[in-house]
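Over in Swiss-Prot, the protein carries these features:
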| type | residues | note |
| --- | --- | --- |
| SITE | Lys28 | site 'Transition state stabilizer' |
| BINDING | Gly63, Gly64, Arg85, Asn178 | substrate binding site |
| SITE | Lys241 | site 'Transition state stabilizer' |
Amino acid sequence: MDDSLRVSILSEALPYIQSFSGRKIVVKYGGSIMEDEKLKKAFFRDIALLSSVGVCPVVIHGGGPEINRWLSKLEISPKFEKGLRVTDDKTMEIVEMVLMGRVNKQIVRGINKTGSLAVGISGLDGNLIQSRELGDGSHGLVGEVTQINPELLEPLIAKGYIPVISSIGSTTDGISHNINADFVAGELAAAINAEKLILLTDTPGILKERNNPNSLAKQINLKEARKFIEKNIVSNGMLPKTECCIRALAQGVRAAHIIDGRIEHSLLLEIFTNSGIGTMINA
């Protein structure tokens, strides 16, 4: 890279850095990026860079592949219905062990290695994520968010720490729930008055033509996002992600992004460049 290109990149990023300094950005970390060492390291550096220029990142994570590995080790067959993991008591124990004890700490360790300061917590800590049983209970201990109590996060963010949160919630009676990390991220973004919600996925973003990767919808508004759902342009796995973004925007988040986590440094490319890399939905 020659000097003029370096200067051009920095010049393009500067107004975004100035605009988002002091603002909170919630990032849902998941998908293939969690399985690829090179992508993981790039993600940790991206989060560290955001923090170093004054942005306040908050990371929400799932950990499906790691959960499946541990279920396999314990000779338990994973069960899914309508894309959601059926979670009985034994599976919930493993989900808690894996998300809180392994995946969360791996992310914290990775970010801390960059020189930034991450703090690992779960939705159980300080009743951060309160939940109830999802739907008719046919998925067992799968839950949905009823309330976010962000008081635990506020002093951490104010002191420059990066919260890393596992997507487990609980009822007022202390019953734990496994919750979709996308929806946790959306509800949390609204609760902490975040500037942005960013979902890292295994797709380029929202496609206008389902099987055409060149048909990426770069920037749409809330009304257009709803029309995409009505016209079945958005469906399958992209449907809950888009619904999550719509709900977050309706609750005051300024912008929501669905981006391809399989591209190295996609987070920085989306936030700090004019063209971005995925789909941005504006309120």
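Heads up, the Cβ atoms here are built off N, Cα and C, so glycines get one too.
Here the Cα atom of Gly64 (substrate binding site) is found 13 Å from that of Lys28 (site 'Transition state stabilizer').
Those same-chain residues not listed among Gly63, Gly64, Arg85, Asn178 yet with C-beta within 8 angstroms of the centroid of the substrate site C-beta atoms are Gly62, Ile67, Thr87, Val95, Leu99. On the backbone, the CA of Asn178 (substrate binding site) and the CA of Lys241 (site 'Transition state stabilizer') stand 17 Å apart. Binding of substrate is attributed in the record to Gly63, Gly64, Arg85, Asn178, and the widest Cα separation among these residues amounts to 12 Å.
Cβ-based neighbour count (10 Å, all protein chains) for Lys28 (site 'Transition state stabilizer') stands at 29. The Cα atom of Lys241 (site 'Transition state stabilizer') lies nearest to that of Lys28, taking the recorded positions Lys28, Gly63, Arg85 as the candidates.
Sparsest Cβ environment among the binding-site residues Gly63, Gly64 (other Cβ atoms counted within 10 Å): Gly64. Taking the C-alpha positions, the distance from Gly63 (substrate binding site) to Lys28 (site 'Transition state stabilizer') comes to 11 Å. Mapped onto three states, the DSSP output places Gly63 (substrate binding site) in coil. Its Cβ taken as reference, Arg85 (substrate binding site) is surrounded by 22 other Cβ atoms within 10 Å in the chains shown. Calculated from their C-alpha atoms, the gap between Arg85 (substrate binding site) and Lys28 (site 'Transition state stabilizer') amounts to 18 Å.
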